[in-house]
């Protein structure tokens with residue numbers, strides 16, 4: 001029994017805090033001197049290893065110039081690495097003995113052990129009192145365990161340039177190496193050990209606030225590809241607020257976490273909220289590649305439907321920045337989704353990647369991104385059109401243009417693109433001047449759209465605009481742009497205020513917003 005507890009102390013997860021519960025107020029876990037010393041050495045060594053990895057081109061250059069790639073130099077490096085491994089081992093053992101002598105940690109271990117053996121509601125309630133390394137948390141829900149809700153299972157097709165042939169094999173190999181060394185880490189820095197170690201304490205503190213103040217419930221989902229997905233659910237269905245009956249699934253940015261990300265906006269609006277972390281972010285395992293991102297958000301949606309009891313028509317998706325990729329994938333694959341709201345996103349990742357690389361790498365960057373990191377948000381949103389999913393987006397000019405061109409091809413065409421670009425380039429007062437110049441009548445535009453829907457249908461693409469004069473199309477273009485996009489003057493990383501998180505515009509809604 002003693003040996004079993006000792007070994008469990010060595011192998012056990014890092015305990016961060018005890019949360020507020022019926023047993024008493026929350027408090028940060030106080031490690032004794034022995035455990036704290038061992039843990040500090042382990043943390044420093046891990047941080048240095050991560051930092052060295054990120055700066056490896058510089059480190060390798062310095063080592064080469066100082067002659068460390070000779071036989072004597074490599075022996076010196078080997079001795080140094082051996083010394084570090086010895087220090088790490090000693091620190092690991094020290095931490096284990098420190099934990100074994102801490103009564104609070106042993107109490108936590110007994111609760112964890114019981115939950116891992118049998119995750120009953122009582123054991124889960126006891127475990128939820130602690131915040132600790134999520135790798136030790138037992139799986140709450142597995143993909144496919146209770147059957148899947150019917151969805152479309154759509155994927156956008158890969159471009160022709162990525163098709164395999166022997167001539168592009170060298171480019172494919174170099175692209176794979178680029179993606180799996182620095183590429184995906186530049187695209188998703190939140191999945192790096194460096195960022196996770198830097199923000200870890202803040203995540204723990206904010207997660208505790210969500211659980212203690214908002215009655216959030218944390219869970220671990222197992223996706224179809226075996227990744228563990230860290231989620232947190234705040235239930236507002238019985239709050240008395242009508243918004244609480246709608247669940248908002250939040251898709252974070254490339255360095256965002258549900259603890260410090262866009263979940264704050266729907267929470268302020270009184271909605272039920274389900275936050276989740278990308279693969280490789282915080283407690284989630286895996287790598288944020290497109291296929292794993294899709295499997296992760298699919299597991300989140302199935303969990304919301306099968307375990308939390310929300311129907312798809314009562315689920316909205318809110319995405320920030322690169323989260324627009326998973327949000328648009330959900331829109332494409334869940335036809336009964338209520339709506340999606342996208343904040344500060346983009347239409348396609350290729351132009352963004354090309355802008356950060358030398359010009360002569362342009363073709364290579366396009367081939368690599370299309371092959372391994374093809375985040376084509378606009379294409380996925382266009383694919384979602386036949387399902388009737390509505391979009392409400394602020395800041396995403398290229399995305400808006402592509403969406404309107406697809407939905408209203410007879411209105412947003414070559415004759416109206418210039419006026420749309422002019423409108424997008426202006427601030428609100430100057431946009432009002434443009435409206436007045438073209439004498440846009442909001443009631444008249446809405447009446448034309450409603451009349452077309454009554455006579456035809458509300459599906460997309462919509463052929464309204466056939467036979468319109470150029471000036472009539474310009475008026476309708478400005479009207480539609482104002483319905484689909486709201487400009488929020490802020491920096492990229494500022495959260496969207498709850499006042500901007502609204503049900504998207506539809507022609508048949510009674511409460512029609514006014515631009516002027």
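Just so you know, glycine gets a Cβ as well, placed from its N, Cα and C.
Feature annotation (TrEMBL): of 76-94, 95-113, the stretch labelled transmembrane segment is 76-94. Checking the ranges 41-64, 137-160 against TrEMBL, the transmembrane segment annotation falls on 41-64. Across the domain 'Phosphatidylserine Lipase ABHD16 N-terminal' (5-133), DSSP helix (H, G, I), strand (E, B) and coil residues number 91 helix, 11 strand, 27 coil.
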